[in-house]
Amino acid sequence: MRIEVVNVSHIFHRGTPLEKKALENVSLVINEGECLLVAGNTGSGKSTLLQIVAGLIEPTSGDVLYDGERKKGYEIRRNIGIAFQYPEDQFFAERVFDEVAFAVKNFYPDRDPVPLVKKAMEFVGLDFDSFKDRVPFFLSGGEKRRVAIASVIVHEPDILILDEPLVGLDREGKTDLLRIVEKWKTLGKTVILISHDIETVINHVDRVVVLEKGKKVFDGTRMEFLEKYDPRFFTSKMLVMRRLVLKGEDPFSMSDDELLERVCNS
């Protein structure tokens, strides 16, 4: 599914003393099968943008098109799964099974939820028999995150949105979470990430969009992002290119991904 965000603006508490402009004339395209990072400081409008994309809130103005068409919230949510920053915010059930099965029962009430729940739990690395009867609220941070993701991919959507998925995870937990992202990408499906931990996620994304005070200030490849926002990367890139030339290799014939890998491994 290709998503087009066209001149989207959003104002919270419009017409009241608490009025706040969260987004201002934001336009972007999210291509099918790509992994997009949405970056920016706290309050820049990242979460608001993705909630609009996921059909959870209506923009004040502008359009969001899905494969060129406007769709209602319910239709959108069948094709998009969004996991929030804090898994507890989306938990409601007393058993992991019921938590994960909710979307199946909601969108496809005639289907047997058991095989789909088992598939989703195994996809995120949770053993079905060991976890299906456990209480979601009493799991570890990493386990809660996995349950939250399983519950939004169980109905097999085209797009997975993860809002700050690395928060509260140790190094091993972050690695495990990013493995889930990579597995989702191998299915040819779209991933949209919000993360402040750019250094950890940058090698897993194709493109970066940066928001600042509700406006889009950057939209480009991860290579372009690093060159613009990380002066250390530019210096490292020049050194690596010089070494390649001295070794008789041509850095200018390499793709951005090949050169980026050389720089990151230098």
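Glycine is treated like the rest: Cβ placed from N, Cα and C.
In Swiss-Prot, the region 'Required for heterodimer formation' annotation falls on 220-266 of the listed ranges 173-219, 220-266. Neighbour counts were taken at the CB atom with a 10 A radius for the binding-site residues GLY43, GLY45; the maximum falls on GLY45.
Just so you know, the Cβ of GLU164 (active site, proton acceptor) picks up 17 other Cβ atoms within 10 Å once every protein chain is counted. SER47 (ATP binding site) sits 9 Å from GLU164 (active site, proton acceptor), taking the Cα positions as reference.
The ATP site is set by GLY43, SER44, GLY45, LYS46, SER47, THR48; from the centre of their CB atoms, other residues of the chain with a CB within 8 Å are ALA22, LEU23, GLY40, THR42, LEU49, LEU211, GLY214. Within 10 Å of the Cβ of LYS46 (ATP binding site) there are 26 other Cβ atoms, across all protein chains. Restricting the average to the domain 'ABC transporter' (3-238) gives a pLDDT of 92.
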